[in-house]
Amino acid sequence: CTVILGFFIARTITKPITDMRNQTVEMSRGNYTQRVKIYGNDEIGELALAFNNLSKRVQEAQANTESEKRRLDSVITHMSDGIIATDRRGRIRIVNDMALKMLGMAKEDIIGYYMLSVLSLEDEFKLEEIQENNDSFLLDLNEEEGLIARVNFSTIVQETGFVTGYIAVLHDVTEQQQVERERREFVANVSHELRTPLTSMNSYIEALEEGAWKDEELAPQFLSVTREETERMIRLVNDLLQLSKMDNESDQINKEIIDFNMFINKIINRHEMSAKDTTFIRDIPKKTIFTEFDPDKMTQVFDNVITNAMKYSRGDKRVEFHVKQNPLYNRMTIRIKDNGIGIPINKVDKIFDRFYRVDKARTRKMGGTGLGLAISKEIVEAHNGRIWANSVEGQGTSIFITLPCEVIEDGDWDE
């Protein structure tokens, strides 16, 4: 009888409690799949049922937590901003790929290190100050690549107010800062370029007002200079208006099918007639090359390049024209070469920048606005082309222009 009673107690009380203890151990290890066997409908059975319900809810909660964690990890990984998260002591625990790319560092070189140290801010900030200061600021993150980021700090705070960590959001503003810098430079250049002729005109007009108009020799000279400066201002304003239209994409391009051989020869002939002191050498294929572009816009490009070549050639002035076509890619390359003074190698790539002049005094004296090549570049690129320069000091400069084209063989029009 005693044995039977002991077996009954073991089955109805001890065994369920042992099962629940074992399941508790499994739950502590992260295993929520097992369930406690229910041996009866008494209090122990109800406890086992409640335990199973608890285990199920914990399993569901854990699954939801894991799902949210994966979703959050995916969001952080694919964010366009850099994200750095730390513990309450400021040691980095989470960093996404964009932050690593911005910093130019590997994950193992960051995890566990102090955030302020990684961002080179340990001398400027303390963790406590991040809590109090919500202002963003600019930071040079990668000097080698010239990367600038706007950094925003925030804190991770529990309901009790206890700070458990910090987050830094890094937003790449390199391009934005460059655009802003170029805008400021552009405004400064425009102001300078307008002020120079206005100052000159004002001086001559004041001299005329003070009686120089009575001088039959000086008066015509002063009026001539005033007229030249006025014309230069008109050219500058027109160039600025054209650039503004291009920037706003409101400048219409009216493309036509053009016989390029005839087109370029006509332009060369016109310059050849007006420049008797310059020799024009042509290396243009006899096969007809057809292209599609706005003839007025491209005439402006070639006029500008040829005029520059004539201006800067020296001695026995010579301007060469070489046209080559690549039928494999349906592209043609036009090379216009002068025998001028050339351009220093460190300045060649800058000649297409707005208002850039290799020799400012000389260019201004020759009537240039400093915008011609910048406009030419905009026009060529709008035609799916490319323009660049190659130069050797003392030997001259070559301007290259590539454009889409097609070579038409004899008889193609009859098919």
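Backbone N, Cα and C atoms are what each Cβ position is placed from, and that goes for glycine too.
These features come from Swiss-Prot:
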type    : residues                     : note
BINDING : His78, Asp81, His171, Glu175 : Zn(2+) binding site
DOMAIN  : 11-63                        : domain 'HAMP'
DOMAIN  : 68-138                       : domain 'PAS'
DOMAIN  : 189-407                      : domain 'Histidine kinase'
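Residue density at Asp81 (Zn(2+) binding site): 17 other Cβ atoms are found within 10 A of its Cβ, drawing on all protein chains shown. Cβ crowding, taken as the number of other Cβ atoms within 10 Å, peaks at His171 among the binding-site residues His78, His171. According to its DSSP assignment, His171 (Zn(2+) binding site) is in a strand. For Glu175 (Zn(2+) binding site), other Cβ atoms within 10 Å of its Cβ number 9. Here the domain 'HAMP' (11-63) has, by DSSP, the following mix of helix, strand and coil residues: 39 helix, 0 strand, 14 coil. Predicted-model confidence for the domain 'Histidine kinase' (189-407) is 85, expressed as mean pLDDT.
Assigned with DSSP, the residues of the domain 'PAS' (68-138) fall into helix, strand and coil as follows: 30 helix, 13 strand, 28 coil.
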